[in-house]
């Protein structure tokens, strides 16, 4: 009797995890249902491999009617379930619930289910693939709802390489069927996977089956299908011999360049440098250069902006024997027009790359042709255009030196430094160390140093914070001797400012500069200022003194700590403000460089 009771209890215990899961999955609270799905792996471990296959997976397959968020989590979990059902030989048990998930209405759930199915397919043997996954794929292909057919498109490339010739033939027929589906969403999904499928199909079938399909999709009535065919164009061009690219790919590409839909032309522009590498130098010279000119002059600003951003990369990939001639005669005239474009995004995209042409065309062409364009963009009305030019100055500095631009740079830098938008001011601060290194100490001292001090007093905290880091980077560039002569005294005098925020900025600067200035400057210049600020009437300043001393201590020897740091911290440790006491105590117990404060 006792043994029987014990056996019943064990059975109850083994059923407990699945009972809890059932209860939670039926709960009205979506968060509870979501949490239970995320704990599936734990439940599967508790049940063991056999019961997971025979009980948990069937239960989950029957329960696929829930909120999209729960289904998404389930699709993700099942992709990691192969070890929990017993390894690759039992991976087929995961197909039924994932097949159901691949047919739901919500796109993200279907995509995650297909991703998990692809993972599961990778674990199948070639025989199991034909027995279990290929029938699943065929059911999805023949599904009544477009949702199943769109999901099917993502499975062809993982099944095709490992199945028999007869099954391969069926799969190619099925894929072509989906490419001609009456529903645009299915054709769009097929077009998106065409390039991926082309990579696993044998060359003879690529030419006989997929290229005609590609040509047909590039003429589809839906521009969303045509633009995805452009992506496939890159993959197909990479797979074909050069002479067949001209015959099979270029007519379709020329058609896409002149497509009525700007979205298709935009996709051509986005993929142009990839196409350039795929089709080779001869076709690039004969076809893509004229196509690129056409895109740079496109009527839609989005297309011109995309093409403008590719100018330097496209030019760099040209055949070196005719590179300069093509740039000067075909590309540069278009670039000159774009510098004065009416759309700010076009000019901004161009400004981010135009400097990169300097190393390609050389010193003389840069001075004669590109320098005037840089100067125009430095005076542009849009801050982003001026910022993008300044951010790539290192390209021109390597070719002609920055001195030719320095006088034109200054007004642009000053305007950006004083811009009413704080994000613009923040961006120019980030480029200041680069400018300082390229323009040199004298120019910086005369023209830019005061701007850096103004930022330390900015009314926006993010600007003041960036300005302190900026000071540190500039000291790294020019050295501590320059810092002591030119900036440290002006920073330290901020401790007298009536605004406590500026007094705190003084402390933040000391914190930042400590890393680069060394023990001598810390002890001789920083500690006297910190001592004065330790008696500041504002508690925020005092507890920042404690934090600063904690930061500085590792740079000091024990004698300096005993003489200067400990007395200040001991006094702060008796402060009336609780935060000041806390940070002082924390600094006192910290260990710095082997010395205990």
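Keep in mind that glycine also has a Cβ here, set from the backbone N, Cα and C atoms.
So that you can see what the record holds, here are the features copied from TrEMBL:
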- 17-55: repeat 'HEAT' (REPEAT)
- 94-132: repeat 'HEAT' (REPEAT)
- 171-209: repeat 'HEAT' (REPEAT)
- 210-246: repeat 'HEAT' (REPEAT)
- 249-287: repeat 'HEAT' (REPEAT)
- 331-369: repeat 'HEAT' (REPEAT)
- 370-408: repeat 'HEAT' (REPEAT)
- 409-447: repeat 'HEAT' (REPEAT)
- 526-564: repeat 'HEAT' (REPEAT)
Residue distribution over DSSP helix, strand and coil in the repeat 'HEAT' (94-132):
32 helix, 0 strand, 7 coil
Summarise the repeat 'HEAT' (210-246) by DSSP state, stating how many residues are helix, strand and coil.
30 helix, 0 strand, 7 coil
In the predicted model, what is the mean pLDDT computed over the repeat 'HEAT' (210-246)?
85
Please list the DSSP helix, strand and coil residue counts for the repeat 'HEAT' (171-209).
31 helix, 0 strand, 8 coil
Determine which residues of the chain contact the repeat 'HEAT' (94-132) at the Cβ level, with the cut-off under 8 Å and only residues 6 or more beyond its ends counted.
57-58, 60-61, 64, 68, 71-72, 74-76, 78-79, 81-82, 85, 88, 139-140, 143, 145, 147-148, 150-151, 154-155, 158-159, 162-164, 167
Taking DSSP states H, G and I as helix and E and B as strand, how many residues of the repeat 'HEAT' (331-369) are helix, strand and coil?
33 helix, 0 strand, 6 coil
Structural state census, the repeat 'HEAT' (249-287) (DSSP three-state):
33 helix, 0 strand, 6 coil
In the repeat 'HEAT' (409-447), how many residues does DSSP put in helix, strand and coil?
35 helix, 0 strand, 4 coil
